[in-house]
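This report concerns only the one structure given below.
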Amino acid sequence: MNKPMIFQSNLFMLISSLALVLGFAFDLNANPYGLLMTLVFVVLLGVPHGSLDVLFASQTYDLRHIKHWLKFIAYYMAAALAVILVWWLVPNAFFIVFLILSALHFSDDLNLSGFTLLKWSDGAAIISLPSVFFGHELIDLYAMIIHIDIATSIVKTSQLISIPAGLVIAFYLVTKKIDLRTKLELFCTCALFLLLNPILAFGIYFCGMHSARHLIRSRYFLRQFTRQAFLNALILPTIAVILMGLVIWWLGPKKPLEIDLIRIVFVGLAALTVPHAWVLKQSKFQAHRTR
């Protein structure tokens, strides 16, 4: 593990620990403004990691001419819009598939190569553990996106999934020879999603682990690009995504700000995750990201 990733790992565990302590001391779970700010941080600090797709695509597909770039952008946007269309037509099925894909996507964050069952359990735990102590909050959250009956069924299913996922993780932590840092990261991740409000836990993990670790790994994977190109790729697409989200909010039917923000953030993340995951797969980034 390189120095930037060690720093990121330490920072994630420190923030997670502080959030857990403060969460019990000051009841952060009941602060609606804090939760809204968490969503804002997800957009500002989490979305940029997907902005690097332009560099991954350039390196993978050798995009040198404007027509090649236009073709890539068209395909990327078409995939994102297709996801939004599916959500609009069949929101319940869309949301279930999104949760499954999210679990698979997050399972690659920690260095768990060689422990396939543990990787899957880690991803499953991230999605299912919030349902253990925050089932009602999770139902209310999901009901902002899908029908409340389906939201209730998903949360009940998540509660069942959390049991084997938690048992597998506990078994591996106790019996297997896994790097101590990885064990601590896994413990902090599980504690976050088990003991903190789902949005707050997601915000800390998405920004502090998933996005931050992806950025560090990407910088080493995309060495052919200059630092300026890397920064431009981070900033410009992120601004475009934020502006697009604001336009969608402005043109769409108005609901309470919290509901609007949650819908835009999570449906937007889902829409961008599909082409994002495809680009990473085509770039052969999978093998590199386990380092």
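Just so it is clear, glycine is given a Cβ too, placed from its N, Cα and C backbone atoms.
Pulled from TrEMBL:
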type     : residues                      : note
BINDING  : His49, His105, His210, His214 : Fe cation binding site
TRANSMEM : 35-57                         : transmembrane segment
TRANSMEM : 78-104                        : transmembrane segment
TRANSMEM : 124-145                       : transmembrane segment
TRANSMEM : 157-174                       : transmembrane segment
TRANSMEM : 186-208                       : transmembrane segment
TRANSMEM : 229-249                       : transmembrane segment
TRANSMEM : 261-280                       : transmembrane segment
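The candidate set comprises the binding-site residues His49, His105. Of these, His49 has the most other Cβ atoms within 10 Å. Annotation: stretch 186-208 has the most Cβ pairs under 8 Å to the transmembrane segment (124-145), among 35-57, 78-104, 186-208, 229-249, 261-280. Contact count against the transmembrane segment (35-57) (Cβ pairs under 8 Å) is highest for 229-249, out of 78-104, 186-208, 229-249, 261-280. Below 8 A, the CB atoms of the transmembrane segment (78-104) and the transmembrane segment (229-249) form no more than two pairs separated by six or more positions in the chain, fewer than 3 in all. Listed in sequence order, Gly46, His49, Phe106, Asp109 are the same-chain residues six or more apart from His210 (Fe cation binding site) with CB atoms under 8 A from its CB. In this view, His214 (Fe cation binding site) is surrounded by 22 other Cβ atoms within 10 Å of its Cβ, with every protein chain counted. In the three-state DSSP assignment, the secondary structure recorded for His49 (Fe cation binding site) is helix.
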